[in-house]
Amino acid sequence: MAFLKLILLIFTLHSFMPTPISSNPSLNKEVLARIRPDFLEFAKKPVIMDWMIGIRRKIHENPELGYEEFETSKLIRAELDLMGILYKYPIAGTGIVGYIGTGKPPFVALRADMDALAMEELVEWEHKSKVPGKMHACGHDAHVAMLLGAAKMLQEHRNDLQGTIVLIFQPAEEGGGGAKQMLDAGALDNVDAIFTLHVSTRHPIGVVASRSGPLLAATSFFEAVITGKGGHAALPQHTVDPILAAANVIVSLQHLVSREADPLDSQVVSVGKFQGGGAFNVIPDSVTIGGTFRAFSKESFVQLKHRIEEVITKQASVQRSNAKVTFDEKSTYPVLFNNKELHEHFRQVAGEMLGIQNVVQAELEMGGEDFAFFSEAIPGLFFFLGMKNETQGPPQSGHSPYYIVNEDVFPYGAALHASLATSYLSENPAKDTSAPEGSSHDEL
Ligand SMILES: *[C@@H]1O[C@H](CO)[C@@H](O)[C@H](O)[C@H]1NC(C)=O
Ligand SMILES: [Zn+2]
Ligand SMILES: [Zn+2]
């Protein structure tokens, strides 16, 4: 076990060194370069690979929506039990927080989401969803499998860890804000940093993408009920037409980004729902519209929200209608912000594992992710894990009923999780190692 000895050697050396390993270039480059690929080799072993694939397929066959991940959570806990990993459950309903290592600082977290989407799978294959109207079409089944894969490797090296790795299995990423619930339940108490990955069909397998600073937009949903006075369509003078009011509202909403926002500050307002009326000759009493808005800064986001409400109510009143606007707080996510130092750390670790040419700059996206709550609370890093393999056909985007996860990506995800966490612990030793016992994690 040359690997184990190496790790022990580093930690032994480490305790005598006043500064982090990274400040010693020879030890850093040589030793770390030999440690990290080992996780990848280990994760590529058929026995580990097949085990991860088995877990993912089981979850894929039985997709569960946000806050209903009961069987998924049970399966994860059964695997943690088999590995002898301690955990806290339930957190935010179905969530689980596992612990590997000393139970003492530093604490570094790795996160996977567990929920599926309310849609019908159209891929015909052996492990197709067995639940009508539900599908894992965002890869969260794969995220769970890869985090369990990392847990297996980390648990094998638990005695070498100088700190604690916290495994976060969260419910309800898809619009439910499960991360916020986990946070409020104390899942990240005492945790110094958190990493997560999302599989990506836009990047090739073996490539990872991220960026420092903002990566994904702040997002929210709004709904408005616009009420007029229904009646005969041939006698408009006796009615107050909410369809016309809603149409004007929608046009006015489109002026918010085009006329009020800084053209260099990306924002979007989209109306995706318009429901009203049912007959050709009847003006209905009311119309319901709904949509989403996104922005890359808190200020723009707050301003947009304020103006959406104002434009809807005031524009409706121009047409003599009343409007009531509601915002879905549960699905309001902040900007996903990546910590600069963690991004550097990610580039170094992923670069050593995959080659630095395969660590690319991610494009900003107007999509949202509730990991933003975690990375708002503590330093966090979100990266895309490429899984596109053109020889296996053109990939379908996330949330498509034809979405397919490329299971070849699992060793990369598991190994990156494991490497990011272990190297974080060795490069960020606890500030005061002589701290009293009381300073250890309350949860353990
Ligand atoms: C891409 O797919 C082909 C065909 O299945 C396979 O032979 C190859 O190993 C895959 N490439 C990677 C990087 O996984
Ligand atoms: Zn999704
Ligand atoms: Zn997702």
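Even glycines carry a Cβ here, placed using N, Cα and C.
Whatever TrEMBL says is automated annotation, not expert-curated.
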Residue among E174, E223, E365, E427 sharing the Mn(2+) site, where TrEMBL lists C138, H140, H198, H399 as binders: E174
Of C138, H140, E174, binding-site residues neighbouring ligand 2, Cβ under 6 A: C138, E174
Within the domain 'Peptidase M20 dimerisation' (223-316), residues counted as helix, strand or coil by DSSP: 41 helix, 31 strand, 22 coil
Cβ under 6 Å from ligand 1: qualifying binding-site residues of C138, H140, H399: none
Candidates near ligand 3 among the binding-site residues C138, E174, H399, judged by a Cβ under 6 angstroms: C138
Proximal but sequence-remote residues of the same chain as H399 (Mn(2+) binding site) (Cβ under 8 Å, at least 6 apart): L117, M119, A137, C138
